[in-house]
Amino acid sequence: MHNRSAAILLRPAAALYGMVMSLRNCLYDQGIFKSWHSPIPVVSVGNITTGGTGKTPLVDWIVKFYEASGIATAIVSRGYGRRTKGVQLVSDGGRLLLGSRDAGDETAMLAARNPRTIVVVAEKRVEGVQFLMHQFADRLPGVIVLDDAFQHRKIARDLDIVVVNAGAPEEIDAMLPAGRLREPLRGLRRAHLIILGKITDDANSATLLQTLRETGKPVIRSKIKPGKLIHVDGSENETNESVKTLAFAGIGAPEGFLHSLKTAGIKIAATKFFRDHEPYTESAIRSIIGEAKRQGLVPVTTEKDWFRIADEPELAEMLRQVGCRYLTITPEFPDGTQELERQLLDVLKR
């Protein structure tokens, strides 16, 4: 009831925000505001809502697809939650130069998972692309992937992919700050491809799927496939079923993490959740460890959370000593892999 009352009170602010975003988009559509065109093909992966949609695993999948196709790739991201400002080189395609505190947890994870990929963070994505073009003029990538850039229209893109969370259709009901929409839903018509992410067998996403198809854009369904349970010392868990866990995370949509654990056959006996991108404190880690010890549980978290914690050696060591694990994930596309791959390759033919 409290949240509903707050949403009602915030409706005037949401209406004003929606008008501002609509005007801004109109000015770009009419060419009054200009978008810079990169000489290197650009693929953007973004959201129309705040919160977790499965965007980061999709970026990782796209980079790995290009790499498997023999296409050198670079990532340019805002680096949400980082303590640095301006343009920063996270990875030169050979060395990881910044951790999660200076690059942002999602960006640091993407760089670590794709060690041959150049990764740059920049609030102004145009400056980030221009920096890498100058810095790596002798080995330019064949394609640049923009992470979280659907609303960042100062840079043009050759393929605009938007991810929508199938598990939370209510997220597209209202504009910020009353809801989670970053811009009016009609903005989806600007996308070239829509990914309905995080579908599950029990998710009631038929209505949302129909709404997305009414944009006239291709819609591909995606689900998160749980991977391996990795001990934070780097070793793999022999079997998921033998682990009784305390699941903890500080992400936008923790229910997706819990679903992945259950799908992987991992028993969840207790949970602890923190705010998305919030730095872990010593007291938070001690509370996790204390609860796990009291109940005889193994702490398990997301790969993104572990990258955030690993930047704090003392906290990381505390979790190593109690056998903490993290779960890897990857997206899969039940009926749209070929369409996604076709569009990604068509970008290179421009």
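Glycine is no exception: its Cβ is also placed from the backbone N, Cα and C atoms.
Values in this document were obtained by computation on a predicted structure and should not be read as measured data.
In this structure, Thr56 (ATP binding site) is part of a helix by DSSP. Annotation source Swiss-Prot lists ATP binding site at Thr49, Thr50, Gly51, Gly52, Thr53, Gly54, Lys55, Thr56.
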Hey, which of the binding-site residues Thr49, Thr50 is the loneliest by Cβ count within 10 Å?
Thr50
As a test of the contact definition, list every same-chain residue at least 6 positions from Lys55 (ATP binding site) whose Cβ is closer than 8 Å to its Cβ.
Val45, Gly46, Asn47, Asp147, Asp148, Val163, Gly197
Judged by other C-beta atoms within 10 Å of its C-beta, the most isolated of the binding-site residues Thr53, Thr56 is Thr56
In chain order, residues whose C-beta lies under 8 angstroms from the C-beta of Gly54 (ATP binding site), counting only those at least six residues away in the same chain, are Val163, Asn165, Ile195, Gly197, Lys198, Ser222, Ile224, Gly256, Pro331
Could you name the residues, excluding Thr49, Thr50, Gly51, Gly52, Thr53, Gly54, Lys55, Thr56, of the same chain that surround the ATP site, i.e. Cβ within 8 Å of the Cβ centre of those residues, in sequence order?
Asn47, Val163, Asn165, Gly197, Gly252, Ala253
Gly51, Gly52 as binding-site residues, winner by CB count within 10 A
Gly52
